[in-house]
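Notes follow once the structure below has been shown.
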Amino acid sequence: MPGSDLLAVVLLGVCLLQTAGAQNAGFVKSPMSETKLTGDTFELYCDVVGNPTPEIQWWYAEVNRADSFKQLWDGARKRRVSMNTAYGANGVSVLRITRLTLEDSGTYECRASNDPRRNDLRQNPAITWIRAQATITVLQKPQINGTREVILQTNDTSPVTLQCNLTDDNSSFSQSYWMKNGEEIPGTRQNNKSTEYKISKPRADESGQYQCVFSFSNRPSANLTIEVKAAPDITGHKRSENLNEGQTALMYCKSVGYPHPSWQWKKLNNGAPMEIPNITGRCFIESKDNYTELKIINLQIDEDPGVYQCNALNSIGEKSMTTILRVRSHLAPLWPFLGVLAEIIILVIIIVIYEKRKKPDEVPDDDEPAGPMKTNSTNNHKDKNLRQRNTN
Amino acid sequence: MDLRKCCRYSLLDFLLTLFGIGAFLFDIGTDLWAAAEFYLVGDYYWFGTVLFLTFTSSLVVQLFSWFWFQYDSQLENFSEVAANEGLFWRRGILRLLHFFHLGFLFRYLTVMVQGFLVWWRERKESGYIVYLTHDLSMLRLFETFTESTPQLVFILYTIISRNKVEVYQYVSITASFLSVAWMVLDYHRSLRSFLPEKNNLGCISSLVYFLWNLLLITSRIVAVAVFTSVLPPYVGLHFLLLWASLLFWAGIQKTDFMDSPAGEWLYRAMVALILYFSWFNVAKGRTLGRSVIYHTFIAVDSGILLVTWWFYRDPTSTDAYVMPVMVILPFLYLMGIMFKVLYYWKFHPPVWDPVTEAEQDVIDDLIGFRSLPATEIPQTMINKRMYTLANKFFFSSQKPQHHRVNGSSSNTTV
């Protein structure tokens, strides 16, 4: 019947269209194998493209048990596993496991599929799902013994020694060195399993986060973090600031010391610190780690002058420094210039009187020698006479 | 007066000219280097100030040099003399040189070349060189006051505002102060070179002259510098006010130095600038009164500057040196005045009085001096400007009594 033929053709066309628009899932980025130490964290990335957007799952198989994969979920292994998956144009998933143990070693698999029949139990997953694997090896972190925390005292000048001792009989140890605040300290590399770092002069700027790092030939390096703390010391600040009315005052304090202090600005009133009155909203404070800034815009001569104090406070101690702010009024240059004008007027009057008074005595000597070439004798006599007249 | 004696150009003069060129180039070099430093650090205002000072000083000096070349070219026998002495004189080229601010250097080089020729060919009469040296000496004086003195003020200001000073800056500032006073002394000696030997400054006289200028100029510059440190934008206003009144004074004294009105007013502007820092006598007649007025005025003005600094300074950064400065500066000024009085009392070389010379020859020579017959011109050429100034100072400032054995202080000249 022509009607059913037409319907069959239309249905076929729709089906074809559907299958033509669909695109099989494929990996843009697959997870990579890594070697980690116990206590560390690792992350695996998986990026899949396809139309419709594929679904991503994570599966895990223990070492040498490649036949029995188990699925992972967010919060597994006592909440050490976290999975973040986003489905947009692509499907992206990040698997993150913290506080690794030796049992976390194994094969991790990222599976993706956009096949509508993928969850059908009658289907073989090997056909409907695409898979990418990564092997994670977790090695025992070497035990490092050492000083944990040191507090530098300002009045104590004896040198401080940081110690690290590697207790690990693994023979792949190669080098050890020290780092401070994330940067390697030059000249500390050596081949000893037991290493020391001496701080000869315990000052505030010697404090920070120190790490002794032991590197190995076939596995990632291990380190121990030593916190060297000290009370903050303020190294940079302006002792005084002189500005005109209406200008912007910028007072700052810089400190050294670890841990980073918390800053506070106060205004001294007869020697007693008190909060900065910010009624007019012209004060702005910005603090960041070892630096703080107090900005006052549109200075007013009756409110703002005074002594300002920046205070740095951390768990060990505190330090403060003061800055004197002076505000000059708009009329400040007026007074000296009144004096200058007065003296100039007096000078001009005196000049006029003096020069005019001399004039009747002087004969204007206008015929100064025009040049050595042109005068003749008669002129000279006249000049001579003029010259003599001048003497009276 | 022995013309030939006055116009001798010796090896010493040649070496000094050489040294002068070196110093001038070194000065320009350090100025540009300092400007570059400011630019690199980001102090754009200071960079602009240094460039502005250097440029305007160069411009003024070139203008004077160009005017003088113009006037010289209008003299009757100039082209003959120029050809005679093998001088390089082509108007177009000179104009180009001056446009590119090379006129001053050109004068230096001409002096050097001519001086070398004199020495090499052992010419006795080198009137033209002395002529050029006089011009050069005056131009150098102008250059000193348009460039070195404002630079000094500026450097002192930067030191005060940064509140720290490097060792090399100590050296450079001392050298600058000494060179300013030296330039004034050199100019004065140049003036006196018209006179017979015995009227030139001896060693001790030169020293005293140098000392009082050094003291007065130093105290003045330091006073301006500390004022700048508290009211930086207003020092310009202060300068303009004083400069205008000093220009008025120069005008009312009716200076007559250049040959054209434009040149004359440029000259008066220059004189007013010099007067802002140091005494400069430009008119004939008794200068004692003018000197007294000037020094009192400057003392009062410097006092106002110092008091302003005292009240508006930043105590925390200046407390260390405020008392020494406030005490020493007036003291230096007084010492300078004392040295000046001492100079005019004891060390002022006798002013030559042609009228009292017994020999008639001298008077004739005097007449001859002022009206050289045409035949003599190629050999000796007197610089009109220097001559005019010297004439004003030494010939017209005479007391009723014509006898003068040793200059007394009542007959003060520059």
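Glycine is no exception: its Cβ is also placed from the backbone N, Cα and C atoms.
What TrEMBL annotates here:
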- B:12-33: transmembrane segment (TRANSMEM)
- B:45-69: transmembrane segment (TRANSMEM)
- B:99-120: transmembrane segment (TRANSMEM)
- B:140-160: transmembrane segment (TRANSMEM)
- B:167-187: transmembrane segment (TRANSMEM)
- B:207-227: transmembrane segment (TRANSMEM)
- B:234-253: transmembrane segment (TRANSMEM)
- B:265-283: transmembrane segment (TRANSMEM)
- B:292-312: transmembrane segment (TRANSMEM)
- B:324-345: transmembrane segment (TRANSMEM)
Surrounding residues of the transmembrane segment (B:234-253) on its own chain - C-beta under 8 Å, 6+ positions past either end: 153, 224, 227-228, 268-269, 271-273, 275-276, 282-283, 301, 305
Which of B:12-33, B:99-120, B:207-227, B:292-312 contacts the transmembrane segment (B:45-69) most, counting Cβ pairs under 8 Å: B:99-120
Which of B:12-33, B:207-227, B:265-283 contacts the transmembrane segment (B:292-312) most, counting Cβ pairs under 8 Å: B:207-227
Cβ contacts the transmembrane segment (B:12-33)/the transmembrane segment (B:140-160), at least three under 8 Å, sequence gap 6 or more: yes
Contact between the transmembrane segment (B:324-345) and the transmembrane segment (B:99-120) (at least 3 Cβ pairs under 8 Å, separation 6+): no
Result, the transmembrane segment (B:99-120) in contact with the transmembrane segment (B:167-187) (3+ CB pairs under 8 Å): no
